[in-house]
Structure formats: structure tokens, C-alpha cells
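Peer 1: A single structure is presented below for examination.
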Amino acid sequence: MSSHIQIFDTTLRDGEQTPGVNFTFDERLRIALQLEKWGVDVIEAGFPASSTGSFKSVQAIAQTLTTTAVCGLARCKKSDIDAVYEATKDAAKPVVHVFIATSPIHLEHKLKMSQEDVLASIKEHVTYAKQLFDVVQFSPEDATRTELPFLVKCVQTAVDAGATVINIPDTVGYSYHDEYAHIFKTLTESVTSSNEIIYSAHCHDDLGMAVSNSLAAIEGGARRIEGTVNGIGERAGNAALEEVALALYVRNDHYGAQTALNLEETKKTSDLISRYAGIRVPRNKAIVGQNAFSHESGIHQDGVLKHRETYEIMTPQLVGVSTTELPLGKLSGKHAFSEKLKALGYDIDKEAQIDLFKQFKAIADKKKSVSDRDIHAIIQGSEHEHQALYKLETLQLQYVSSGLQSAVVVVKDKEGHIYQDSSIGTGSIVAIYNAVDRIFQKETELIDYRINSVTEGTDAQAEVHVNLLIEGKTVNGFGIDHDILQASCKAYVEAHAKFAAENVEKVGN
């Protein structure tokens, strides 16, 4: 019988530390709900003491989820622990995650503390946390660069103080699989407790070994894996949870362990994170990439047609990828469109479907057929516009002279107020973005601008992702439209809208 491996998702905390990623309040809540639907055991919803926004989003998630444990991060500071308590006290299963660095380089250069000081801090703060929480998780930051004898002392101190979950972070992605497994074996053999202790792995991908190290940790005695959807995170990212879960599923013969994830929700979860993070999943990404179940070679195609297992070790359906797509066209009616939405896993009320159907018909008039990816894109674009504080109303462009373009942009807020301005620039995009900046009265720096086609062909919809720097803060925006310039404007307006929402500001004019 397979043993249960718990999944601890830190997409909303460690994942959001990805450069350029800044989830809105609504996006965090939607992500948490999808993670619960996916079946993760614990969601690290944020770092409540770090900001008012983080506190409020953790609190909202704690009050919304019904089955998943909600965890908040805390340094070895009582005020941090208090913040987690206040944010998660209404959760069905509240958890606090207390951490302190333990490696020589961190003690000397960051904390300016001795080993004795660190041990005393662990004892004091884990003891305090245990007075407020039934479940306390402790992490010795940079554990894999900590001397093993001292690491054992740190963990034993935390366990004696009441921690029942011990997480071993490979903070800078430094370890390799045998070494990492050995750390877990040493801890499970050396640390004593009258309580059951769950050991957890938290791996970063700086050397490309986050997933393999996570699996090695299981062989060493870990019973929980921490990571993020799509592997997003600081620097090179974290262990991709979908890869860990499918590795355990497919190679159960070796690991003898399984997660409780609803694997059919995997692709949907990945797509949601990709959309909100503004990070496109690479086509060749394991499990959820567009090419994960594609076969180009004639030999491979022949083999798959004869027997799928010749070149596929898992089915697309296992992770929620449909292989029987029936495209819609301009003659398709409301009923067919509604049935397509259900088939794609969407539960959308009739009123919202009316607007989506209008968008579908507009696209169907321009394309020979509308694919599932087009439908997903319509819904994604609609969600973004519905959630936004401001959205693009109209865009007009005119050629001036000598390469200069003129743009007139009209933006509408949720209350129906209209804001309009115009500008010129050396090209359409520059003119559009100058006009939007004038509307919001902000000086911005465009850090990244990316265009992707939703499907193949010249009639494909365009997805535009932008990253802006506004008053020292990075925000991302997403826009989708058949017209690249419209999509570009929508993305830029959304980025400004996110900044305005986070700062509770109103634009002028």
C-alpha cells in the first residue's frame, strides 16, 4: 500500500517572489480556491507581517477555504507569529511556519548571531507559537549549508519546543540528491520525540535539481513536499509540484508513495497560475507544456497510433488535457457554446455566458474555427477585465508624420467614470502607452513586453504580457485580442489598474 505524501503549496508566498509577479487580492483568492480543488494539503498563503496586503489576503483565504490547511510564514519574532495567528485564526486548519537561518554564512553576515543565540531563539519562539497553534512548522533556513551536527541540534530544539513539522530548505538550490536524502535520514534517526514528526522538503532549482532532490528526500524519510505550481519562485524557481506528483504516480513501483492530488485538475491549475503570474509555460515543460503529449517524429506517431504506451508513460487525460477537441464555428449556437464551456470544466452563470457568447461570435466571424484554446483565452480575457478596477473602452490611432503616431485612449472604471487622453510617439505602442500614462498620471518604465499567439495561423488571437515599474513597484498586465495593438493597450491598462488597486488610488482628468 502506498504511503501518503503531503503537498505543501507555497505558490502564493515563495512563488510570488518571482521577479515581476505580483498577484492581486482577487487573484490570490482564486488561486487558493483552485489549489484546494486540486487537493493540496497545506497552502502557505503569505507572510502576514510583511504588509497589510499580505495580511488581508491570508485572512481572506483562511476564512474562505473549507478543507485545506492555511499557513502563514513568520520569522522568529513574536510580532510575526501574532500576525499569523490573527490572519489564520478563522481557518479550518491554521498553521504557523516559523523560520530562522542556521548556516554559518547567514549567522555571520545576516543575523550576526552565535549558534547558542540561534538555539535560544528557536526554543523561545517555537514555544510561543505552540501556545497559539496546534500545528507548528519549523524551518532552519539554508539547512543544506548548515553543519549537520548543528542542524540536528536546531531540529531537536524545535521538536522539544513543540514543532511537529520540520521543513529542511535547500534555500539556494545547493544540494544534490544523495546529500539531501542523507540529511533526512540523519534527522529521522537522530532526533527523538514522543510525538509523530513530519519531515518536509523545500527545494530550489538553482542547479536544476529541485524535483530530483524532492524525490530523494522522500527516499530519505520526508513525508511532505513543498513547492510551487509550474516551479515559479525566486531566481531559478522552486520544485514544480505537478512534476513531483506525477513522478510519484507513474513510478509508484519505486517510491511506493502517492499524493492526494486530484490529478485531473493539474493542467487547469497550471494554466491559472501561468495566466495570473504572466509567465508562459514553456512548450516543452514536463506534464503541463503544450508539447508534453505531442509526437512529431513519424516513427513516434506510428507507434502511438498503434499503441499509446509505446511513447507515452501517462495519458493526457490524467492531468486534465482533452484529446478529443470539437472546434466551434460561426454557425454554432448558444447551446453548443454552453456545452463546450461545461466540457472544458467551467461553471459559469447564464448572465456571464451571454457576454462570453458575444465575444465568441465576434471571434468566430474572423476565424474558420474556434478552438478550445480560443475559448480558454476568451474566458481568461473576460476574467481579467471583470476583476480590473479600470478597463480599456476605446482606442483610436492615426498616422501623423515622419514615423510619428497619435493615440487616443479611453478608459472606464468600475463606477462607469470615463477617462480620456491622447499622445504621440515613435510608433503605435509608444503612442498608446504614453496616452495611458497620462490618464493615470504616472511615470512608468516598461521592463518587459511579450506577444504570444493563442493558436497557430494568421487569424490567431494575440496575448500580450507587460511588466511595468511604477514608483519602484513591479506590476504585470495581461491583454488578449485579435488586434495586437488592442491587446497591448489592454495589458498596459491592466498593469496600471493593478497598481491603482493595490494603492487604493483614483486617476485624474
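Every residue, even glycine, has its Cβ placed from backbone N, Cα and C.
Note that the structure is predicted; figures quoted are calculated from it, not measured.
The Mn(2+) binding site annotation in Swiss-Prot covers ASP14, HIS202, HIS204, ASN238. Under the heading domain 'Pyruvate carboxyltransferase', Swiss-Prot lists 5-267. Residues or ranges marked as region 'Regulatory domain' in Swiss-Prot: 391-509.
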Peer 1: Identify all same-chain residues not among ASP14, HIS202, HIS204, ASN238 whose C-beta atom falls within 8 angstroms of the centroid of the Mn(2+) site's C-beta atoms; report them in sequence order.
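Peer 2: Neighbours within 8 Å of the Cβ centroid, excluding ASP14, HIS202, HIS204, ASN238: THR10, PRO169, ASP170, THR171, CYS203, ALA210, GLU226, GLY227, THR228, GLY233, GLU234, GLY237, ALA239.
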Peer 1: Please count the residues of the region 'Regulatory domain' (391-509) that DSSP assigns to helix (H, G, I), strand (E, B) and coil.
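Peer 2: The composition, in the requested order, is 33 helix, 54 strand, 32 coil.
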Peer 1: Same chain only, sequence gap of 6 or more: which residues have a CB within under 8 Å of the CB of HIS202 (Mn(2+) binding site)?
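Peer 2: Listed in sequence order, they are THR10, SER139, ASN167, ILE168, PRO169, ASP170, THR171, GLU226, GLY227, ASN238, ALA239.
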Peer 1: What is the total of other Cβ atoms whose distance to the Cβ of HIS204 (Mn(2+) binding site) is within 10 Å?
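Peer 2: Excluding its own Cβ, HIS204 (Mn(2+) binding site) sees 26 Cβ atoms within 10 Å.
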Peer 1: What are the non-local neighbours of ASP14 (Mn(2+) binding site), defined as same-chain residues 6+ apart in sequence with CB under 8 A from its CB?
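Peer 2: Spatial neighbours, sequence-distant, of ASP14 (Mn(2+) binding site): GLU44, THR228, GLY233, GLU234, ASN238.
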Peer 1: Which secondary structure state does DSSP assign to ASN238 (Mn(2+) binding site), in the simple three-class scheme?
Peer 2: strand
